[in-house]
Amino acid sequence: MSQPLLPIFNVRNTNKRFKSTFYNEKNLILILLGISVFTVIFIVYNLPSDIGRVVNNNNFKNVFIPEFKESNVQRHFENHQHPAPPINDDKGLDKQIESNKIANNEDKKILDDTNKDHIIDEPDLNSDIKMKRDKIKEMTLFGWKNYEKYAWGENELKPLSKVGHSAGIFGNKPTKLGATIVDGLDTMYLMGYMDEYKRGREWILNNLNLNVDSEFSVFEINIRFIGGLLSLYTLTNDKVFLDKAEEIAKLILPAFDTPTGIPMALINPITKHSKNYNWAPGSCSILAEFGTLSLEFQYLTDLTGNKIFSEKIDKINKVLASVDKENGVYYNYLNPSDPKWCMKDASIGALGDSYYEYLYKAWLYGDKKDDELLKTYLAAMKAVREKLLDYSPKEKMAFFGDLKSGYRLEKKMDHLACFSGGLLALTSKETDNMDAETKKVYLDLGANITNTCHESYIRTPTHIGPEAFHFERPDQEAYSLKQNEKYYILRPETFESYFYLWRLTKDNKYREWAWDAVQAIEKYCRTDAGYSGLKDVYEQNPVQDDVQQSFFFAETLKYLYLIFSDDDVLPLDKYVFNTEAHPFLIRSHQNKSKQ
């Protein structure tokens, strides 16, 4: 008998009736074989029925697993003509990823040291939404990097010519004011581009100077420069920006030295001479310009304690309250020497638009406490609905036309008026003492106006909307009829309304519309060195106008980014946006942000 190999078990200590048992090799092999067969059968029998398939297990719902589909990639990026730069082969992928992580952590630390309420790159588990948000961020960085490369310190970039663009609305002489830096830097900060933010801050600190011999638009300086600087102070609590905002605001104060206190349109900071535009009838002041100062000037007073700014606004409001308003209508032109309307044209588009916006937003900014301000706004909007609102003859699309001579409605809507859909929707949600029926009227009208503006986009071959569109012809509703109305200069107003209606209704169509616009801008407006407007959106291959507007960063890209971000990014109960999309803290939240 051969020597036994192994003791299989020993139960001497558990049951004394058994002794140690040993088997020879043959028996052992048979037993092991039987055990193996039994084990295989057991495993196969108990395998899960869904093996080999992707299981939709709710236990993993909080795990982010990006889903890539070939069709999605083609749909989202087929028009992307200028891809991101390649990986640095010298570093290698792993090292590059690690260096990016280190840089991101450093940037995050800087962000954490500032106001925490607004810097939230949403941890969105929806890979499609995150992809879209990241694409908008890439577009923003691409445009900004090219501005830095070819036009740093200039007002804007000419992306085809690859040179600066410093003339136009920023003075009657070419003056390097860094408009894109001041206007767009809060967007760069919001998106977490800290290197770009720090370089922009350095330029503002050392180079921003408007005390030069040139004629500047009081309106544009206010909404872009003062507004941009106040927004940067809001987001960072960095007093450099507040000091610069106050400095610039003081430079434009001589424009208010009129018999009524209604400011002139243009100011020369050196000579202190001010005047209105030569093309304005009777050299009158424009409602949308002198009526779009209240947010910035009141905010300046609240932050600095200098009451001279709020006093200027109070005087304007008193004049507007005293002037005759036929049927409650505010006309576009007012005489700054004698408080009378210069002609009976009215609009919620060009020349009138942001006055109505600021009436309501000034009330929101003041914690909804000024009942007289709200009353004035609601009366003004009632007149707008009665005198400027109309519906297209065929499709019954709602639109705001331009009132001419006090009685004739021109059946044309400006792209600028497309902001009104968002304003109406905001009114329906934020006016607490408004009855439910009236709220519904405002919300429905806001949605209908926004739908009309969307139609003006999708009825062009580029899916980009024109500067103005008409409703006279049933076969061409929401369509431009004149060549000088067919251009697009990277305007934001339609996307502004998408933003408010998305925030307030959560109807996914507004995100879909916004993404369609992103793809259209990427296809037709992107160049080798930034983004350009278009001369005719109705052409299959439109000619670009060679200007990358400063408000493309301040407004257009910011609103598109916010549409695909969480509501906690610049929440509407804490912030109010000026007409250039610069966020200001509502008064009751200002002290809280500094604690």
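Cβ from N, Cα, C; glycine included.
Positions annotated as active site, proton donor by TrEMBL: E220 (among others). A helical conformation is recorded for E220 (active site, proton donor) in the three-state DSSP classification. Here E220 (active site, proton donor) comes close to I169, F170: these same-chain residues lie at least six apart in sequence, with C-beta atoms under 8 angstroms from its C-beta.
As annotated by TrEMBL, active site applies to D353 (among others). Within the same chain, residues at least 6 positions away in sequence whose Cβ sits under 8 Å from that of D353 (active site) are A288, S347, D414, L416, A417, F419, S420, T579.
Counting every protein chain shown, the Cβ of C418 (disulfide bond) has 30 other Cβ atoms within 10 Å. Secondary structure at C418 (disulfide bond), taken from DSSP and collapsed to helix, strand or coil, is helix. What TrEMBL lists as disulfide bond is C418-C453.
Annotated active site, proton donor per TrEMBL: E467 (among others), in sequence order. For E467 (active site, proton donor), the same-chain residues lying six or more positions away in sequence with a CB closer than 8 A to its CB are D414, H415, S480, E485, K486, Y487, Y488, I489, R491. Under the DSSP three-state reduction, E467 (active site, proton donor) is assigned to coil, being neither helix nor strand.
Annotation source TrEMBL lists active site at E493 (among others). Other Cβ atoms within 10 Å of the Cβ of E493 (active site), summed over all protein chains shown, number 24.
The Cβ of T579 (Ca(2+) binding site) has 25 neighbouring Cβ atoms from other residues within 10 Å, across all protein chains displayed. The Ca(2+) binding site feature in TrEMBL is assigned to T579.
Reported as a whole number, the C-alpha separation between E493 (active site) and C418 (disulfide bond) equals 5 Å. Using a 10 Å Cβ-Cβ cutoff, C453 (disulfide bond) registers 27 neighbours.
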